[in-house]
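**Student:** When I checked TrEMBL for this same protein, it listed these features:
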COMPBIAS  263-277  compositional bias 'Polar residues'
DISULFID  Cys173-Cys188  disulfide bond
REGION    263-283  region 'Disordered'
SIGNAL    1-22  signal peptide
Amino acid sequence: MRRMRRMLCGLLGALLPCTALAAPPPILETEESNTAVMPKPNPHWLYVGTRAGGVTIIDGDTAKIVGTINAAPAAGFALAPQGKEYYVSETIWTRMNRGTRQDLLSVYDGHTLNLIKDIELPGRLIASGRTPYFSTSADGLRGYVYNMQPASSIITIDLAKRNVLGITEIPACGLIYPHGKTGVATLCADGALADVAIDASGHGRITDRIPFFDAQQDPVFEESPVDRAGGQALFITFNGMVHPVHLGAPSTLEKAWSLQQAAGLSPATTSPEQTTWRPGGRRPFAFHPGSKRLYALMHEGAPWEQKRSGTELWVLDTATHQLVNRFTLPTSGYAVGVSEDNAPLLFVLSEDGWLWVMDPETGKILRSLRDVGRTTLLATDRS
């Protein structure tokens with residue numbers, strides 16, 4: 001009987017393990033959940049928004065993605081000082097592309113990227129990813145949103161208390177360029193810069209106007225660079241005229257100069273026959289306050305080709321109005337940024353999704369990242 005039993009075990013062992021030889025069931029370890037948090041921000045982080053939505057955080061020292069902030073397509077974006085919080089100005093619909101419209105300023109924790117609060121905004125925002133549609137004061141205590149309802153206005157938000165303070169109408173003007181703790185400037189349809197005084201309650205009015213450009217023949221780029229802390233603005237026209245303005249109450253206009261003349265060329269005009277180097281792209285300029293250097297994406301073209309990407313990156317000294325360097329880009333540059341620390345990095349994004357991290361002194365490509373996406377916004381830490 002025992003022999004038969006052993007034979008059966010041997011015959012059936014491959015299919016049915018014998019009871020006497022069966023192993024004890026394994027003891028499963030209890031799984032512990034864990035949520036990653038963001039490392040401490042550094043000045044070389046780059047914030048990139050794309051048409052698909054979201055803001056990707058990229059470390060320029062490694063060209064690796066650090067995290068992603070939720071955002072609707074074409075949202076506005078700004079940082080609190082030292083990256084403690086992130087702000088997203090966005091318009092969404094309850095059913096993606098239809099339903100109830102919601103205009104929001106969403107506040108995210110800089111350490112966890114968790115949503116802290118949605119601040120409901122009045123009016124018809126329909127957000128855009130361009131910098132002059134949403135920005136903050138230099139100290140990070142106020143947020144300003146450009147709004148059309150359909151009249152042009154500025155929504156002022158208390159970022160510490162998480163509430164809307166008030167609305168200031170800016171008739172015949174648009175876009176916002178904050179400076180200092182409470183200053184805001186805007187551009188007007190007649191080619192003027194307007195100073196807007198906004199009080200502690202969030203309400204204000206236009207106080208001064210300075211005409212300085214021809215809005216019909218040679219408009220300025222919306223993405224002209226502004227140093228919020230120092231109040232220095234460089235409003236640059238489609239033909240490449242640089243209009244330096246010290247923003248204040250009132251703002252003061254300095255002598256204009258030409259990008260082309262800085263390079264030893266004749267100034268660009270609106271003549272259809274003239275083909276010359278001109279600025280262009282989604283975000284064609286970046287300014288480094290410490291060195292006073294302006295970085296401009298340039299291409300050879302005719303008038304009114306301001307949307308064309310740059311084949312070269314020009315480095316210009318804004319104090320001497322001289323060209324310092326010209327860098328040829330591996331692919332056409334669509335947007336440019338520069339970190340504002342004492343050891344800056346240059347960032348160039350191409351139309352086909354490449355990010356180039358460059359040395360601003362030599363133009364050498366230090367690192368690269370592909371498939372970043374079609375850029376709608378680009379920001380660096382300006383705290």
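Cβ atoms here come from the backbone N, Cα and C positions, even for glycine.
Because TrEMBL annotations are produced automatically, they should be read as predictions rather than curated entries.
Could you place the listed features in the three-dimensional structure?
**Tutor:** When Cβ-Cβ distances below 8 Å are used as the criterion, the compositional bias 'Polar residues' (263-277) is approached by residues 217-218, 239-241, 298-304, 312, 314, 323, 326 of the same chain, each at least six residues removed from its ends.
The Cβ of Cys173 (disulfide bond) lies under 8 Å from the Cβ of Ser152, Thr186, Leu187, Cys188, Ala189, Ala194, Ile206, each of which sits 6+ residues away along the same chain. In the three-state DSSP reading, Cys173 (disulfide bond) counts as strand.
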**Student:** Looking only at DSSP and grouping its letters into three states, which state does Cys188 (disulfide bond) belong to?
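**Tutor:** The three-state answer is strand.
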